[in-house]
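Taking it in order: structure first as structure tokens, then the write-up.
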Amino acid sequence: VPLALSARAVGVYAAPRARTIRTRAATDGDASDRQPIADVIDPQLTAVDSKQFFLGSVTFYVVMTLGSQVVCGFADVHPDVIDSASAINLDQAVYWMIPLLASLTFAVTQSEKFEFLRVVRETFEQSVLPAVAPLGVLGIAALSLGAGVGEEALFRGFLMPWVDARLGDVGASADVAAGVSLASTSLVFGALHAITPQYAIWATWASVIFSLESIRDGLGSAMFTHAFYDFLAFLYIIVAWMPPSADE
């Protein structure tokens, strides 16, 4: 599910409380007795104004992008974010998107069959989607672009080459430095997207894909894939998961 990092940053959802409720329900009775998250989460914890969410997210990603570029200069990371982002291969970017879209399709279509997917779905139904859906296609496109550019600028544009260079400085071989930098930054990426433990694993895997794409086809390609995937994912999730309004 896209934009989890910015949603956490601007305080959109109460995922920890949701997981606590689910765990307690699992220990107090069988699955048929569990109370849906929607019935027990305090609405005041999940109600978010769409404009607030949009402005907070856009600001968050702009700061992330500019900050990554500035830090590259201070940390002597070359090429920096701007130079790296000029490398883009749109033909290959489409292929990198296939496993992401396949996993998204599985998550959406199987969310009623698997408990860990249902928890993610209910969290987004109550917290993120009501704030994002009113933004419309253009607003969602802007958020997706911010996520794709901002997160890739930080993780693939700065952190991964910085870790790689520091490991090289202490004598690590090129292969070891590249592997450790890819793995470590992907683990951090997954941890920061930890809506649930299972989703953190998926986000780590997605980060590995973005990292490999950045290495093989350029940072600009990874930014494009990340942004376009988020855009398609949000549209699909809104259509499939958006709860009906009170009027309906």
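Cβ coordinates come from backbone N, Cα and C, glycine included.
If you check TrEMBL, you get these features:
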{"type": "TRANSMEM", "residues": "53-75", "note": "transmembrane segment"}
{"type": "TRANSMEM", "residues": "87-108", "note": "transmembrane segment"}
{"type": "TRANSMEM", "residues": "128-149", "note": "transmembrane segment"}
{"type": "DOMAIN", "residues": "137-232", "note": "domain 'CAAX prenyl protease 2/Lysostaphin resistance protein A-like'"}
{"type": "TRANSMEM", "residues": "199-215", "note": "transmembrane segment"}
{"type": "TRANSMEM", "residues": "227-244", "note": "transmembrane segment"}
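Listed by sequence, the residues of this chain that lie at least six past the ends of the transmembrane segment (199-215) yet keep a Cβ under 8 A from its Cβ atoms are 1, 4, 84, 92-93, 96, 99-100, 103, 107, 116, 120, 152, 155-156, 160, 178, 182-183, 185-187, 189-191, 193, 221-222, 225-226. For the transmembrane segment (87-108), the list of distant contacts is 1, 117, 120, 202, 206, 209-210, 212-213, 216-225, 228-229, 232-233, 236-237, 240-241: same-chain residues at least six beyond its ends, Cβ to Cβ under 8 Å. As a whole-number mean, the pLDDT of the domain 'CAAX prenyl protease 2/Lysostaphin resistance protein A-like' (137-232) in this prediction is 95.
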